[in-house]
Amino acid sequence: MAKHLFTSESVSEGHPDKIADQISDAVLDAILEQDPKARVACETYVKTGMVMVGGEVTTSAWVDIEELTRKTVREIGYTHSDMGFDADSCAVLNAIGKQSPDINQGVDRADPKEQGAGDQGLMFGYASNETDVLMPAPITYAHALVKRQSEVRKDNTLPWLRPDAKSQVTFAYEDNKIVGIDAVVLSTQHCDSVSQSDLIEGVMETIIKPVLPAQWLNKETKFFINPTGRFVIGGPMGDCGLTGRKIIVDTYGGMARHGGGAFSGKDPSKVDRSAAYAARYVAKNIVAAGLADRCEIQVSYAIGVAEPTSISVETFGTGKVSEEVLIGLVRQHFDLRPYGLTEMLDLARPIYKATAAYGHFGRNEFPWERTDKAEALRADAKL
């Protein structure tokens, strides 16, 4: 019987890198709301007392970057200088310029259906039937822990919590089936006055136990709650944050491969984002159709070229039909050209800020999580 452990981590919305992601996507959403055809590449840097927003934009829209930034930071919960970061007093620097015309000529076409990819690159999508949202369990529960931390912070159930937090969950597998949780790490920023014993009890009873299924916890499960003993200085005061630094947290927690491109701040013409969403959509529908228990899709592009340069499928020995058949089904049922996938998933609209914390996948409010192609895939696979 083959045994192994697998670990994934997540971070809260108050983590410095996630602050940056949320600001970048707030800017993107505000622009797309006015101009759905805008080209946006927005990068953010945060550090004690300051935010710098930069990048390239081609749009007819006007957005108040400073007010948008302050609103985003305020919603996250950095509202007092005691935290080392205050939405109302931090400096906001705007360094956004125009997108290069060299890129524009490669992307834009007279016929929008022939729109070229905004860059070269390779993207992966993944799905697994080990959870009801067809995501790997380690990243799913790592996200759930920090999401719960945010909820009990914001509703004052645990009023001594502050916005910055990280989680990590190690699952035990036998023959690729979950048999339990081996270890849980949760580190949360807190105010100076709370005792270590109150913090540990509060986190265990209010965050960990309500989130993790009891049948996967046992006397051997190890819990590490604020293992350094103190986490008062956090957020941008503790570390600088940058857009696009949490690409494994954003995707599959390391369970699947990653092409290297980040998501936040990028409009749908950037295949780093849109094709990764489409690849998840494809993989999820293949698993939902019962054509595989696990499925990883790779798609690649050349800048200025509409058709993908490659499509490949890996089912890790769980496929019910050959991978050659699956590739044929993908080509038949999914339009993976940049224009096609934007239309297929209705991506040219302001839906992105919500993706920028707690994972882009496994959340059914997003269109790439639909399983509306599963029935047709199964029928054409003749299963």
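The first residue you see is number 1, and the count goes up from there.
Positions of Cβ are set from backbone N, Cα and C atoms, glycine also.
Taken from Swiss-Prot, the feature ATP binding site covers His15, Asp164, Ala165, Lys166, Arg230, Phe231, Asp239, Arg245, Lys246, Ala262, Lys266, and the record attributes it to sequence analysis. Cβ neighbours of Ala165 (ATP binding site) (same chain, under 8 Å, six or more residues apart in sequence): Val11, Ser12, Gly14, His15, Val146, Gln149, Ser150, Leu186, Ser187, Thr188, Gln189.
Reduced to three states, the DSSP call for Asp17 (Mg(2+) binding site) is helix. Annotation for Asp17 (Mg(2+) binding site): same-chain Cβ neighbours under 8 Å, separated by at least 6 residues, are Val11, Gly241, Leu242, Thr243, Arg245, Lys246. Under the heading Mg(2+) binding site, Swiss-Prot lists Asp17, citing sequence analysis as support.
In the three-state DSSP assignment, the secondary structure recorded for Glu43 (K(+) binding site) is strand. The number of other CB atoms found within 10 A of the CB of Glu43 (K(+) binding site), across every protein chain shown, is 22. Among the features that Swiss-Prot reports, K(+) binding site is placed at Glu43.
Taken residue by residue with DSSP, Lys270 (L-methionine binding site) is part of neither helix nor strand, so it is coil. Neighbour list (Lys270 (L-methionine binding site), Cβ cut-off 8 Å, at least 6 residues apart, same chain): Ala41, Gly118, Asp119, Gly261. Residues or ranges marked as L-methionine binding site in Swiss-Prot (evidence: sequence analysis): Glu56, Gln99, Asp239, Lys270.
Sequence annotations record features per position, and here Swiss-Prot assigns region 'Flexible loop' to 99-109. Mean pLDDT for the region 'Flexible loop' (99-109) in the predicted structure: 61.
Cα spacing between Asp239 (ATP binding site) and Glu43 (K(+) binding site): 17 Å, rounded to the nearest whole number.
Secondary structure at Asp239 (ATP binding site), as computed by DSSP, is coil. Of all the binding-site residues listed here (His15, Lys246), it is Lys246 whose C-beta has the fewest other C-beta atoms within 10 angstroms. Within 10 Å of the Cβ of Arg230 (ATP binding site) there are 10 other Cβ atoms, across all protein chains.
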